[in-house]
Amino acid sequence: MAYGEDDHRGVHTTQEGKSLGVFICWLLGNGCLFGYNSMLTIEDYFVHLFPNYHPVRVITLTYQPFVLVVAAVFAYHEAKVNTRVRNLVGYSLFFLGSLALIILDLATSGRGGIATFIGVCTVVAVFGVAEGHVEGAMTGDLSLMCPEFIQSFSAGMAASGAITSALRLITKAAFEKSRDGLRRGAMLFFSASCFFELLCVVLYAHVFPKLPIVKFYRAKAASEGSLTVAADLAAAGLQRHTKPSAEDDPAIPERLSNKQLLMQNMDYALDMFLIYLLTLSIFPGFLAEDLGSHSLGSWYALVLIASYNGSDLIGRYAPLVESIKVTSRRGLLAAVLARYLLLPAFYYAARYGGEAWMIVLVSALGLSNGYLTVCVLTEAPRPYKGPEQNALGNLLVFCLLAGICLGAVLDWLWLIGKGW
């Protein structure tokens, strides 16, 4: 079957397979961060193994530069990159990294030390390269489809944190009194990550590209000049007609360059950067190490991380209610800037407040993070055609990751005056 502009046969065609597509997008978003979130959620295990290396902060700081560099390269070359291969490589690296953590733990018999820590950091770097492949590719690809797909993918990313937090609370309760409880919980996480990442490879390779709604949007993007969808369309059994370029046919509008797209959407790019700059300057390092002694003991950091992940997930579903969704560009920027009032609030809550105040603040941080992320990612691509939507999705993810990377660095500032 060939595709082209004649394939767009009406509204019914575009909706077929939508519900399954939304669910698969949720699973793929989950897989994008499941491995990394597993490592953050078992922070008590890594702190036990490597008490002198600040493992939570080092893991975050190791992970982010690899994500950022890989995402930057792909964002620059986005128009010529095979999206299918990029995503399959990314999810496969997630699977292999999770498997490597199991092998490393078995090989060292659960012992710490600098060699083991270097091995863990190496796997973290592999996870970073994998996310650099997947997050931008999936966001760009789904940006040229219906908004529900990008919302579901974003919600899936948040759900990975909520699911790993729930599993960690369960495993801690189940294994707390056993001799090797921390290690057993960690191995359970690594095994679950292996299974889930392999599931994502299968779903993306063999199920998602064959959904009618996905084929419709990718065929539409191809008719608008997109080259990134060709391999996925071929996997779905559609053959590509050669489309004349803007140089061959002046009637076909030329695609905006990345620079033009960035200039037209500088406020959205700034939104993404500032959202994650604030979030990562607090989460997870500050929550894991800077809270002192409290009545919840070793459960305190886990409860706070679970509160953040749960509220982040809720925030990513909130924009589905149109009456509370912010669509104004100025309104979004104002909300992003107002969110920085959380910084002094966290400082004073950590010094003078109790557990309840900190849980409320962490929940506000997560709720606003998820809500604003989805608002930006669903609104920004609307005015553009397929190739530009894909490019803009990649650019926004790069800005998001830049904010994460700098935020992870600024997170170390909380240690000033603490004797380190």
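Each Cβ is built from the backbone N, Cα and C atoms, and glycine gets one as well.
Over in TrEMBL, the protein carries these features:
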- 20-36: transmembrane segment (TRANSMEM)
- 56-76: transmembrane segment (TRANSMEM)
- 88-107: transmembrane segment (TRANSMEM)
- 113-130: transmembrane segment (TRANSMEM)
- 142-167: transmembrane segment (TRANSMEM)
- 187-208: transmembrane segment (TRANSMEM)
- 268-287: transmembrane segment (TRANSMEM)
- 299-319: transmembrane segment (TRANSMEM)
- 331-350: transmembrane segment (TRANSMEM)
- 356-380: transmembrane segment (TRANSMEM)
- 392-415: transmembrane segment (TRANSMEM)
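Long-range neighbours of the transmembrane segment (299-319) within the same chain, counting only residues 6 or more positions beyond its ends whose Cβ lies under 8 Å from a Cβ of the stretch, are 37, 40-41, 43-44, 151, 154-155, 158-159, 161-162, 164-166, 168-169, 172, 283-284, 287-288, 291, 325, 355, 358-359, 362-375, 378. In this chain, the transmembrane segment (88-107) lies out of contact with the transmembrane segment (356-380); the count of Cβ pairs under 8 Å, excluding pairs fewer than 6 apart in sequence, is fewer than 3. If you look at the transmembrane segment (268-287) against the transmembrane segment (20-36), you find fewer than three C-beta pairs under 8 angstroms, all six or more positions apart, and that falls short of contact. Counting Cβ pairs under 8 Å that are 6 or more residues apart, the transmembrane segment (113-130) and the transmembrane segment (88-107) reach 3 or more and are in contact.
When each of the listed stretches 20-36, 56-76, 187-208, 331-350, 392-415 is scored by C-beta pairs under 8 angstroms to the transmembrane segment (88-107), 187-208 comes out highest. Looking at 20-36, 142-167, 187-208, the range that has the most CB pairs within less than 8 A of the transmembrane segment (392-415) turns out to be 142-167.
Within the chain, the transmembrane segment (20-36) has long-range Cβ neighbours (under 8 A, six or more residues past its boundaries) at 63, 91, 94, 97-98, 124, 127, 130-131, 134-135, 138, 142, 148-150, 152-161, 163-164, 192-193, 196-197, 199-200, 203-204, 207-208, 211, 213-214.
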